[in-house]
């Protein structure tokens, strides 16, 4: 059994040196991926295709090889074939009859032949001869050249006959590492996962930069998304995962920045931090999952203001895509379930965000930041090889107890941002409620009465749980999540 790997058409259109470079890289990528499945994998490059050989004594590898080949960038489609030699056109027919006789019962069919090499016949002659024989000596319903029930595909390469057993659609795009590296800003949601995939498919080694706003549980969820994308579509090359602790930035934004400017300024700070990471890694472009008009910070005016904070190239592959199309693609690539479980943070967005930010006003607000703010968060950033995530996933995160009722000796802590808490304060008869924003809780919790139990509350129950997990990691056992 063999696989014939067909190159993506855009590769075929390249000049001879570029096409050769792309094909060599694809051969290497295929070998790197399949060797992880089984060391016996053999890959052979030819001018217009790549051959993958499956050992005769290992039929169990056929399905696994096919699945991996379907996810390697640069492949148009893969043909799963049985290989034999032939002596004449009639010999081709006889072999085809044996292979397809049972499959053709009651079906209309046509025969399609591709041929390479010197022969005393052409492709059409083979199609007519084989098709006529199959029509006469099988129980097929007849020949139909347009829209048949079944197409018999044959390929002839010199004296080799390839009986095509199965066609597997490929990923398309360019082979990994034929384009320059990019740094993708990943949050774990629908958009950033799909935008990362788009650049993997286009041949860029895609590294991941995550801005951590709320603890280990969120980070682990995002790492799972990044690891899935790398393992399924980009495993042929090593990439990095960078985690930047961004809660100090969020804290200063919430304490010092005008409410309407928060969203744009948060994005600008992320771009600045990502630029520093990218420059440190020698990467020239950032990738984001922003789509025009999807949220308030993604108007063209705001995107323009965001881009002014850096000279780094910012690429937005989803800029004109509809949200449903993005979700559909996330389902196709396997990130939808991850995205559904990734939290959206309450209290990190403006109550009345501007849709037409003015650069001068934004810069005036940014002057309120501590001078060393970005230096501090970049210094604390963690850079790991993405392969290390697999072992980190085995780390067990303590489950936080969630309650819907309040007992004696329990105090509720409202961890929402001040604007949200003031807009709809939490009031429960006979129960003490303390308002401590999530970004201050870590530093103020130690000052609270240790003989009391504390129930953390926020609208969505996400930030409260993450803060509870964080406090538990610090050794506090008197904390739960309150979800009425």
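Backbone N, Cα and C atoms are what each Cβ position is placed from, and that goes for glycine too.
Residues or ranges marked as active site, cysteine persulfide intermediate by Swiss-Prot: 458.
Positions annotated as ATP binding site by Swiss-Prot, on the basis of sequence analysis: 185, 186, 267, 289, 298. When other Cβ atoms within 10 Å of the Cβ of residue 185 (ATP binding site) are tallied across all protein chains shown, the result is 25.
According to Swiss-Prot, the feature disulfide bond maps to 346-458.
Sequence annotations record features per position, and here Swiss-Prot assigns domain 'THUMP' to 63-167.
Look at Swiss-Prot and you will find 406-484 tagged as domain 'Rhodanese'. Broken down by DSSP into helix, strand and coil, the domain 'Rhodanese' (406-484) contains 27 helix, 17 strand, 35 coil.
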Legend entry - Pairwise Cα distance for residue 458 (active site, cysteine persulfide intermediate)/residue 186 (ATP binding site) [Å, integer]: 24
